[in-house]
Amino acid sequence: LSWRRSRSDAEGHAAVEDVAGAEDGGDLLPKSKRPEKKRDSSSDGILKPVKLSRLELYKPPTNEELNQLKETENLFHSSLLRLQIEELLKEVTLKEKKKQRIDSFLHEINALLSMIPQTPETDVTDQSWLPKDVKVPFLQVPFGVKGRFRFLPPAAVKVVGSYLLGTCIKPEINVDVVLTMPREIFQDKDHLNQRYHRKRALYLAHIAHHLAKEKLFGSVRFTYMNGNHLKPILLLQPHGKDEKLVTVRLYACPAPGVFKPSRLYPSKNNVRTAWFLGEGTAEPPTPHYNNSILCDMVMESSLLFLSGAARDFPGLRDGVALLKVWLRQRELDKGLGCFNGFLVSMLAGYLLAKHKISKMMSGYQVLRNILQFLAATDLSVAGISLSKDTDGALPTLGDFHQAFDVVFVDPSGLVNLCADITASKYKQVQFEAKHSMEVLDDKTVDGFQLLLMTPKPLVRTFDHVFHLKHLSKLQGACKKMELLNEMMDQGGNYVAAALPFLTSLLQHGLAERVLLLTHSLPQTPQWAISMEPPKHKDAPGGLSFGLLLSPDFATSVLEKGPEADKPEAAEFRQFWGQCSELRRFQDGAICEAVLWDADTVSKKRLIPEQIVRHLLQLHADIPEASICYTGALLESLIKTGREPAGTGEEAMLRIVRSYDDLSRKLWNLEGLPLTVTAVQGTHPALRYTDVTPLPPWLLIRVRCSPHSPCRFNSPAVVCHVEGSGQWPQDKEAVQRVKAAFQLRLAELLSGQHRLLCRPGPAHTDVYKDGYVFRVQVAYHREPQILKEVVTQEGMLKYQDTEESLQLELETLHLTYLTSSLHGLQQQHPAFSGTCRLAKRWIRAQLLSDSLSEECVDLLAASLFLHPAPFTPPSSPQVGFVRFLHRLAAFDWKNSPLVINLNGDLKGESANYTAIRNDFVAARSSLPIMFLATPRDRQSSVWTKEKPSAQILQRLLLLARESLRALEEQLADPLGSQDMKMVFRPPLDFYDVLIHLNPKQIPRHLEAVDRPATSFSRGMLQSDAAVKTFVFPVVGYDPVQCYLRELREAFGDLALFFYDLHGGQVIGVVWKPSSFEAQPFKASNMRGRMMSALSHEPVAVPNVEAILEDFEILGEGLVKSVEARTEKWTI
């Protein structure tokens, strides 16, 4: 077996799937190989500061340590980054023991290959000599072709690719072996009409037939080289326990000198039109076909080039391995037109040849330099070449650009290494590289974790994704778009032929609406040697497209074209078809224009869908039924009202406008004893995060209804008044002055603005524009007064009390949060929908009271303020998917989540470092979920009380499973597309279920699965005659009242869970500690009974009586109580 340094994997390698598990907070090293921890780590896995003795602390560094520090300073971003990269490379690099087993397997393959018998010469079309249980791995269309074939053993067997270069990575180890087909097999003109490719396929089929008989192999299968249907390869896997150790890929290539390179230049035709189409005289160039033959011919020069580049350059091997991980996490390394490891290795060789990198560089520096080059160089506009040809006989870069979208020419000057990569796919690589450089340069984030450990599947990365369900429709698209020559060049692969033109068409139509348009890579199928090769339409995973929307232009309803009398107008009309029409604009111009139908924000978000469907139908004959557009499948969960209206943005905008008007009225009130200094809203609707904002209602008439009335919540408004020496210093007196102020406020609002008001001691309810605002007067020194405590010695001291903390929360923290998130919504319109979907999901899991509303708001805000490695979401659906990922993947035990509201942390790494250091120092006393903001860096006020550790653990489990299920559905166009599945809670977790009467649930219509019919809630139609006005019932919800009573009565025995958006069931979980037998006490007998379990009288829970009490407490509301487990057995 001839071992030669050669081509780095000419195919995509799988990346670090086992490493990606670290996103769930796991360690990078497997447990068996994990070194001893130097940190004092507590049993629950929480990191603690390292404790060193004085001697250790001031011990001078050794020479080796000094060298490492200097090297780290020069070559790496930080010491931590160096350690992370070293551990990752250890994890993904092949171990020496496995190499020995692979070498042994390769030697056995070599011995078997030399023993395969010859066959007599026959016509290429006479394949009767092949056994019936072996099919030729080639789509032979048209079947008739000239030439003769016989099998001769390989002239040479060479191991090539990343295995020898040392750049192959786990978990999938692929070893490439090239079999040189003897020149006696070939005749003149074998480069024409797929003759070479068919002989190559027959050669591999004969080898497959003989190797399949051997017990050495557990699997013998075919696949395509990088998804190219002209280039089948043979896959061999060992038998038994080593089956997953390695996959050996057998390539067949011609002997040197069989074909003249000049006949295979990009401008030459080698597939005759009359042979392929049965008609036609023109002979267009076939650059992709020619390139596929040249790839096999010039392998030698590429291998020698890479061998020279990798010699004495360990940094290149490490850098290429890191780049493969980077590509794998972005799904760029597999399939037709992939940006694979071989391409990355050649690019590293190019940069070395151009002195852009040096052999002194580390793997991290090689990674940075290649990413920087990709970010700054557009190979679709200005290609690059490794060729040193000076005589001008070879094709020029201009020749390659005429034939291919992306150009990178190999050392021979003949092969375009990027021949199959579309312009849009390269733009994605460029975009990702540029974004990755920004992340690496940002010292406030962990660039290693974000770039190399975080997967970026299509449905999580792009705002809108759509799938072509029936790839066979692209055959008709090729005819419609006149792409038969391109189809002939691709060997009949209409998917590969149509793809560049479809992306170009959509890019033209979407224009500035999208920052990036890309497509998935048609994946490479594998099939048994006894099966027919899969057809072009059978590509696994189908074909998907991703749109990264521009928040500024994506929702524009108008597509303005040229003026009617200009020649470009005809082109505009042809492109848009019947949608285009003449319109007069305010400046007097008469132009061609397209106006899209969208009257709500949710419909405007889907204008790209209208454009995609229209253009594909008009120009490619792809019917709407073949397009599965998954841009807004989840938005039905936050739609308001029975009709398919908007998703609530308009309703909240009405509330905000009404609040703004009320705010102005409060500012301008005449006759108040003190001036109003500030008016601030605190209700979720005023920061656009109310899940189901209320529509405005007319005042209701007194009307008897047997059902619970409609929900009528009141947006809270804090009205700050100026300080004065007249304010009392006693907290009771302050409350009385505020109550008097509330009365005066109601009187003035009624008198000056004709508003219906209902004053109270703590607040004033104001009815305005169909909403009830709850105005609360605030005095800035009141929290300070509430902190006053008199000691036993009569001394006055200040300390936080429950009252003062609660007041600060309501009047300071909540108002700051509301104004900050209101501003965030103006910058990122998708924030509202993202946050509301997140809240809806949490509440649908019956965890309404287990996580504060403000906590979820901050989690959603972090996706927009700190989106890396993604861009800020521009659609609620992708925002929700990333919310689940952030929740499930973040290391809550050992890291604070920093949310830089309003940019007040100024992006300085020192601020972030101080927050993290304070967090680690005080971890044991801090909440399990820690959220830090510029004004709350040390206490995490929104998560102090909840969630508990157990609830958070439950939430993370639900998020992980929901994310997996949701992404599977979004990526599967032929699936059920039932997105509500992840919003239906699993009920097997609960010990008791309390079923409620839907007629008494005010929010009945907000349920995940909305009822077909509802009930009268005592409301009148908007046009009904109203005679008697009364103030609406505010905040009345019988289910919440019932839950409060349950928790007061049985909170020591059980936990209660409910979905406040129309849930019809309350889940009950018994507390294990409450079922321990307790000594008898007369004061401790609520819900308990006497038991003779021991000599002493003890009290145990009386479960049967408790279940009966559940029904009695909820009489009229509770339909039934279902006991699901027997956990209460003592």
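Just so you know, glycine gets a Cβ as well, placed from its N, Cα and C.
Features of the protein shown, as given by TrEMBL:
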COMPBIAS  1-16  compositional bias 'Basic and acidic residues'
DOMAIN    175-310  domain 'Nrap protein'
DOMAIN    316-454  domain 'Nrap protein'
DOMAIN    460-620  domain 'Nrap protein'
DOMAIN    635-826  domain 'Nrap protein'
DOMAIN    828-985  domain 'Nrap protein'
DOMAIN    987-1121  domain 'Nrap protein'
REGION    1-46  region 'Disordered'
Message: With CB pairs under 8 Å as the measure, which of the listed stretches 175-310, 316-454, 460-620, 987-1121 comes out on top against the domain 'Nrap protein' (635-826)?
response: 987-1121
- request: On the DSSP side of things, how many residues of the domain 'Nrap protein' (987-1121) fall into helix, strand and coil, could you say?
  value: 37 helix, 30 strand, 68 coil
- request: Taking helix as H, G and I and strand as E and B in DSSP, count the residues of the domain 'Nrap protein' (175-310) in helix, strand and coil.
  value: 55 helix, 35 strand, 46 coil
Number of helical, extended and coil residues in the domain 'Nrap protein' (316-454), per DSSP: 73 helix, 5 strand, 61 coil
